[in-house]
């Protein structure tokens, strides 16, 4: 005869009002509208959307509007998460929003304008590296829930996954040259000419692409998924992701591309649970970005995008 674990009835579901080891609140399917926004196995109340949205708003103000007023909604969002936790409307939302807010504040210490000088590379390494390592350390050794993980391993790629890779490269080849050249945003990246600087640009573009997935997907999106349904968590992380990309240089009508890209990357991660695949998709996209930037500055040296010059 087996004995059920504490707070766990024989059915395997959490008893109402109890918490599992990972901090989720029991009660099965949440009552009312919360069932449409709450992560499976939680009873997150719709009011918890407010503090989470405030944190996303803070990122929009910091990186898109580029104002220090962005710190205010970050602080209010964390405090709001703590209050909803204490009111029983969420569980550990305050601590997860605090991790995100700390990382965003850390990133905001530097300008995100492309800089591939030695000093620029050092600044980006410290700011972006810390934005991944600090949340990981807090999650693993302070909160001890190890919520932030990097699932590199995955199963075999399906035909759909391989097909999507081909579609991404083809779409990037058609769309990105038109966007960069007609909007002029390629000027947000340095006009490299020497081979060593071209190499720096290539490494920089790809390093930031890898970091995007480690931070926005494996950190921000994963933490939000502990509380909200994937569709809602994805919208919240996309607001942060797109704001970062705006300051990085994807301006003008760039959000028409970066918004769907951020949403699709989150959806793919939920679908595959495979970080290596998501990173592969992103780096293939960024490889085209790199080629377009070099082409835009030196069209005669890299004439590989003939279609765009027909517009």
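Cβ coordinates are placed from backbone N, Cα and C, and glycine is handled just like the others.
Nobody curates TrEMBL annotations by hand; they come from automatic prediction.
Features of the protein shown, as given by TrEMBL:
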{"type": "COMPBIAS", "residues": "1-10", "note": "compositional bias 'Polar residues'"}
{"type": "DOMAIN", "residues": "200-288", "note": "domain 'CAAX prenyl protease 2/Lysostaphin resistance protein A-like'"}
{"type": "REGION", "residues": "1-35", "note": "region 'Disordered'"}
{"type": "TRANSMEM", "residues": "71-88", "note": "transmembrane segment"}
{"type": "TRANSMEM", "residues": "97-114", "note": "transmembrane segment"}
{"type": "TRANSMEM", "residues": "120-142", "note": "transmembrane segment"}
{"type": "TRANSMEM", "residues": "162-181", "note": "transmembrane segment"}
{"type": "TRANSMEM", "residues": "201-224", "note": "transmembrane segment"}
{"type": "TRANSMEM", "residues": "231-246", "note": "transmembrane segment"}
{"type": "TRANSMEM", "residues": "252-269", "note": "transmembrane segment"}
{"type": "TRANSMEM", "residues": "276-296", "note": "transmembrane segment"}
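The stretch in closest packing with the transmembrane segment (201-224), judged by the count of Cβ pairs under 8 Å and taken from 71-88, 162-181, 231-246, 252-269, 276-296, is 276-296. Across the domain 'CAAX prenyl protease 2/Lysostaphin resistance protein A-like' (200-288), the prediction's mean pLDDT works out to 97. Within its own chain, the transmembrane segment (162-181) has Cβ neighbours under 8 Å at 252-254, 257, 268, 280-281, 284-285, 288-289, 292-293, 295-296, 305, 307-308, 311, counting only residues six or more beyond its boundaries.
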